[in-house]
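J.: The following block contains the structure, expressed as structure tokens.
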Amino acid sequence: MVKFSREYEASIIPEWKAVFVDYKCLKKLIKRIKIARRDAGPPPLLAAGETGSSYGFSVLDPVRSIAARFAAHHAAASSPEGEEESLESDSGELVRSTDKHEQEFLEKADEELDKVNKFYATQEAELLARGDALIEQLRILADVKRILADHAAASSRRGRGRALGRANSMPPPSPSVNGSSGRHLLSGLASPQSMSDGSVELQQARVAEGAAVAEEVMAALERNGVSFVGGGLAKAKKDGSGKQLMGRAALLQLPATVRIDIPPTSPGRAALKVWEELVNVLRKDGADPAAAFVHRKKLQHAEKNIRDAFLALYRGLELLKKFSSLNVKAFTKILKKFVKVSEQHQATDKFSEKVKRSPFSSSDKVLQLADEVECIFLRHFAGNDRKVAMKYLKPQQPRNTHMITFLVGLFTGTFVSLFIIYSVLAHVAGIFSSTGSPTYMDIVYHVFSMFALISLHVFLYGCNLFMWKSTRINHNFIFDFSSSTALTHRDAFLMSASIMCTVVAALVINLFLRNAGATYTDALPGALLVLSTGVLFCPFNIFYRSTRYCFMRVMRNIIFSPFYKVLMADFFMADQLTSQIPLLRHMEFAASSPQYTHLAYVISFLPYYWRAMQCLRRYLEEGHDINQLANAGKYVSAMVAAAVRFKYAATPTPLWMWMVVISSSGATIYQLYWDFVMDWGFLNPKSKNLWLRDQLILKKKSIYYVSMMLNLALRLAWAQSVMKLHLGRVESRLLDFSLASLEIIRRGHWNFYRLEHEHLNNAGKFRAVKTVPLPFRELETD
């Protein structure tokens with residue numbers, strides 16, 4: 001049977017750990033009470049003044065003792081004094097030398113109860129306010145969609161009637177104002193182009209139609225509590241049809257205080273935002289009476305944002321319910337231990353009643369809101385299909401099976417066996433000797449290095465996953481991964497072992513065919529590359545499709561980094577790529593001319609460029625944070641140092657050697673400062689942990705100091721580039737591969753502390769649920 005303390009520690013929400021009941025501390029206080037009572041000796045069975053048998057133990061003594069305790073308890077309970085006095089009198093009667101420790105326990109338990117209540121009340125108020133805002137957003141969305149759908153149908157009917165009545169006398173209506181085209185206006189259906197086409201009557205008809213839509217949408221929004229500047233001006237101008245039209249046009253020219261705000265997280269959304277700004281500029285100049293667009297696509301984005309916000313709200317409600325139940329259980333368990341040791345029945349009962357009356361234990365507002373969210377999501381986002389709704393609201397965790405562990409062992413053993421076979425065959429054939437074939441050496445080295453570095457990186461990522469899980473670092477929340485499809489450490493180990501097993505098997509087959517004199521043996525590495533690419537882009541739900549698609553989506557965001565919103569997973573992956581530059585340089589093995597070799601080095605600079613662009617994007621989005629510019633400077637310095645080393649490799653003169661030393665030393669100092677201070681949060685002179693930070697997840701501080709020294713040593717690997725080492729072809733390739741492997745090991749080692757620091761930042765702000773921006777918001781007006 002698992003002890004409750006272990007179950008409790010494994011179940012608490014990591015980001016809210018500081019506000020849970022400190023069960024360990026309360027257990028220590030109970031242990032002190034137990035020790036004090038043991039040292040004081042057993043209590044007498046009879047109170048002073050009572051007569052009893054002086055001839056030893058009597059069978060009636062237990063009965064007398066229980067009766068005496070019951071009488072004392074009944075007398076104290078019927079006393080008219082207050083709760084505080086009752087507790088003190090009870091302590092004075094039952095507590096002798098242990099009253100100090102018992103009072104300390106009760107005071108500490110009361111502090112913990114107050115802490116839990118305050119946090120629960122704060123979170124409950126925030127979630128209730130968020131729920132009200134989301135329900136309001138959903139009402140606005142429903143009204144806008146209904147109005148636009150009604151006017152789309154009416155426009156379609158009027159368009160058919162005009163086409164039959166006017167025949168060839170007028171051109172057909174422009175598609176830009178057709179309701180079936182899927183584009184509408186919040187304050188008019190006309191675009192700048194359509195307003196300049198056709199006759200004056202057609203333009204007036206379009207403005208009137210757009211104004212009708214605008215008025216109805218605005219009325220719907222006003223019913224939901226959204227006000228508009230100058231909304232009464234249009235109502236005052238209804239003397240006739242012409243005046244009414246002018247009133248509507250005047251209404252359209254006034255700025256509304258509401259808009260659909262979709263963050264420009266992708267190039268498409270950014271282009272839409274630029275177009276809207278252009279329309280607003282034209283509107284201010286009087287060229288267009290439209291106020292803002294409401295495209296069908298934009299409504300879809302708004303609906304998706306509201307759906308994600310409901311999911312985040314439901315997740316927060318579930319976490320708060322878990323917080324409540326765990327703390328209730330913790331108080332119940334610890335009070336049982338306390339009454340068992342101290343025999344303070346009255347104090348324990350009163351404290352238990354206090355716990356039951358506390359908001360975190362008695363409030364049902366969270367339960368009611370959770371039920372309401374389930375009903376809303378079921379009706380609006382799941383088509384009344386409860387199975388679909390629960391798939392999103394309560395995703396099932398994948399079940400751990402022993403099959404993955406078995407496959408990891410199988411592929412690892414196969415890889416080791418095949419590698420031994422390949423080493424023996426290559427040594428017998430003299431492949432790696434000085435007289436071996438240089439062509440074969442180039443092909444094998446580059447292909448093997450590419451896949452070996454990828455496999456090593458995946459293996460270290462699996463080690464990171466294992467350590468993050470062991471230390472309760474919520475990496476899925478930090479990366480915004482779904483817990484139902486995210487990789488586990490066993491999955492990463494399986495991927496690493498299967499990659500290496502496949503690559504070494506291909507090398508063994510290639511060597512057999514080469515010794516047999518078969519033709520086209522050099523095509524096998526190319527076939528391996530084609531196979532790996534096919535597996536990556538495979539559309540079928542095999543080989544971790546969700547992970548592969550997530551990887552491709554993140555790579556797309558990295559490559560087009562200035563145009564996509566930078567998320568944690570994006571810049572974390574871009575940092576991984578900066579450690580995989582040797583892998584990109586292996587692309588030159590297919591080069592047949594110096595131009596392609598230079599292109600390979602240009603490609604190797606791309607990870608630094610992408611990372612710098614991400615920093616600039618974040619600088620613009622995050623209120624011009626100067627730290628983002630400083631971070632971009634770090635990657636620019638790394639590009640300069642790499643370019644100087646490349647120049648020194650081409651022209652090894654003393655001048656360029658000193659340039660390498662200066663540029664690489666400056667870049668290394670820059671990188672080390674950023675690693676230790678900004679990424680890991682170390683080197684804090686005011687920290688209670690010398691030159692570290694106040695909060696540490698690992699128990700042994702020496703591990704952090706060793707990690708800092710290891711990161712420093714591995715950052716200096718560039719020094720070998722200025723050392724004139726006389727190595728053979730095989731030894732030189734082996735050294736390059738070893739240095740590339742050490743850089744990947746450094747990156748895997750860096751990953752743990754980077755996410756530890758991010759997790760502690762989230763825990764410091766009690767951030768356990770992501771915040772989804774709401775699409776409908778009011779604008780500030782003068």
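In case you wondered, yes, glycine gets a Cβ from its N, Cα and C as well.
What TrEMBL lists as compositional bias 'Acidic residues' is 81-91. If you look up TrEMBL, you'll see 2-352 marked as domain 'SPX'. Marked as domain 'EXS' by TrEMBL: 591-782. For 75-103, 155-197, the entry in TrEMBL reads region 'Disordered'. The transmembrane segment feature in TrEMBL is assigned to 404-431, 443-467, 492-513, 525-544, 655-674, 702-719.
Could you place the listed features in the three-dimensional structure?
T.: Within the chain, the transmembrane segment (404-431) has long-range Cβ neighbours (under 8 A, six or more residues past its boundaries) at 437, 440-441, 444, 490-491, 493-494, 497-498, 500-501, 504-505, 507-508, 511-512, 515.
Only residues 6 or more beyond the boundaries of the transmembrane segment (443-467), in the same chain, are considered here, and those with a CB under 8 A from a CB of the stretch are 431, 473, 475, 487-493, 495-497, 499-500, 503, 507, 510, 522, 525, 528-529, 532, 576, 579-580, 582-583, 586, 589, 733, 737, 740-741, 744-745, 747-748, 751-752, 755.
Counting same-chain residues at least six beyond the ends of the transmembrane segment (492-513), those with a Cβ under 8 angstroms from any Cβ of the stretch are 404, 407-408, 411-412, 414-415, 418-419, 421-422, 425-426, 429, 431, 444, 447-448, 451-452, 454-456, 458-459, 461-462, 465, 521, 524-525, 527-528, 531, 544.
Residues 631, 633-634, 637-638, 640-641, 644-645, 647-648, 711-712, 715-716, 718-719, 721-722 of the same chain sit 6 or more residues outside the transmembrane segment (655-674) yet have a Cβ under 8 Å from a Cβ within it.
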